[in-house]
Amino acid sequence: MKKFELYEVKDGKLVRKNPFCVRCSNGVFMADHGDRYACGKCGYTEWKNRE
């Protein structure tokens, strides 16, 4: 996936579609797996709310 595909434009501003990894640093995006976000670099996983 290309970096420009991870952003979208809303009201003239760039907005990230996926969060950054809290362990790695800014610039390392987490992958969206439906029920969770996962970092492919360090393996950190963040579960989405199940509401």
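Including glycine, each Cβ sits where the backbone N, Cα and C put it.
Copied from Swiss-Prot, the annotated features are:
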BINDING   Cys21, Cys24, Cys39, Cys42  Zn(2+) binding site
ZN_FING   21-42  zinc finger
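In this view, the densest Cβ surroundings among the binding-site residues Cys21, Cys24 belong to Cys21, judged by other Cβ atoms lying within 10 Å. Break the zinc finger (21-42) down by DSSP state and the numbers are 0 helix, 6 strand, 16 coil.
Non-local contacts of Cys39 (Zn(2+) binding site) by the CB criterion (under 8 A, 6+ apart in sequence, same chain) comprise Cys21, Arg23, Cys24, Val28, Met30, Ala31, Thr45. Counting only same-chain residues six or more apart in sequence, the Cβ atoms lying under 8 angstroms from the Cβ of Cys42 (Zn(2+) binding site) belong to Cys21, Arg23, Cys24.
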